[in-house]
Amino acid sequence: MSDLEKFITALPKAELHLHLEGSLEPELMMELATKNNIELPYKNVDEIRKAYDFSNLQDFLDIYYQGMNVLQGEEDFYALTMAYLQKVAGEGVVHVEVFYDPQGHTSRGVSFSEATNGILRALDDGQEELGVSSELIMSFLRHLSEEDAFATLKEAEPWFDGRIVGVGLDSSELGHPPSKFERVFEAAREMGLKLVAHAGEEGPAEYVREAIELLKIDRLDHGNRTIEDSDLTKELARSGIALTVCPLSNLKLCGVSDMKEHPLKKMMNAGLKVTVNSDDPAYFGGYMTANFLSVAEALDLSKSEIAQLCHNSIEGSFLTDEEKAPHIARIKDILTLH
Ligand SMILES: Nc1ncnc2[nH]cnc12
Ligand SMILES: [Zn+2]
């Protein structure tokens, strides 16, 4: 392990942008396909990995939705979630706020409760056995209708007793602006849920503005294109809203052609509360450490900038101030030692 990797691993950090279905590794995909008698268009894991060659978000989503078909029963969702937690527990990740796409499951006959309860049981065991704390956020698929999102919100209500803490918005961004879900987000806000949304990944800065002003989000997922609008950048910096940036995802989906061109440092320098996350690590080539390493090396980030990113992730999480305090203190200690 390089010095830089040791430093990154030692720092406590939170992952705030992770789609559980995007952590489905080819090996588990094959195993579940066999167990559940699901036909895949691949003969082995090498063929699966070869198919992961994307030129844009939609290319990826087509394969992502196909991959999640292998998830059938509660045990499958448990296995998926536990495998993710085991991976990140060894990378200094102390807290995760993970997404899942219930509509991607209910639409193919898997019940909301099976998916949700399998995930929640693994999150509980992950806290107990691995010491990783967690929250669960359900995302609405933005290519589906407002009516479908409302039906999902209603179905999820029994879990709004603290088990599902928030709602998000993901899937095909272009042509599906945040404004399409203004009323659903208003209803979720009235139910006391936290609000996050993908915006400015492929979509324009205007979508980021809509997410902030119409959806009234607590956190912004991606947000890379914010910096194309200097007024918006200043407003977002002033708001203190955290951005969950995903470097390897941006590279794999061709949002940037080279990691050296990634806007992360510009975003930090503009005063935005940037965090580093993995998005769909099984598809994009790496978990948290790989994302930190890749962007730190390409942009020549200092140790203090790397520590700042970790600090931002704890600050930008939905942990209470008391829960955040020990992690923040530890980040400071580690930085002082270096
Ligand atoms: N990066 C991403 N953007 C939009 N929707 C997604 N669903 C899973 N990953 C996503
Ligand atoms: Zn995402």
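Heads up, the Cβ atoms here are built off N, Cα and C, so glycines get one too.
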> Which of these, His95, His198, His338, does TrEMBL list as part of the Zn(2+) site with His17, His19, Asp279?
Replying inline: His198
> Using DSSP, would you call Glu201 (active site, proton donor) helix, strand or coil?
Replying inline: coil
> When the Cα of Asp280 (substrate binding site) is compared with the Cα of each of the recorded positions His17, His19, His198, Glu201, His222, which one is closest?
Replying inline: His19
> For His19 (Zn(2+) binding site), which DSSP three-state class applies?
Replying inline: strand
>> Of His17, His19, His222, Asp279, which is closest to Glu201 (active site, proton donor) if I measure between C-alpha atoms? They're all recorded positions.
In response: His222
> In Å, rounded, how far does the Cα of His222 (site 'Important for catalytic activity') sit from the Cα of His198 (Zn(2+) binding site)?
Replying inline: 6
> Pick from Glu201, Asp279, Asp280: which of these recorded positions has the biggest number of other Cβ atoms within 10 Å of its Cβ?
Replying inline: Asp279
>> List every residue in the same chain as His17 (Zn(2+) binding site), at least 6 positions away in sequence, whose Cβ is under 8 Å from its Cβ.
In response: Phe99, Asp221, His222, Thr244, Val245, Cys246, Thr275, Asn277, Ser278, Asp279
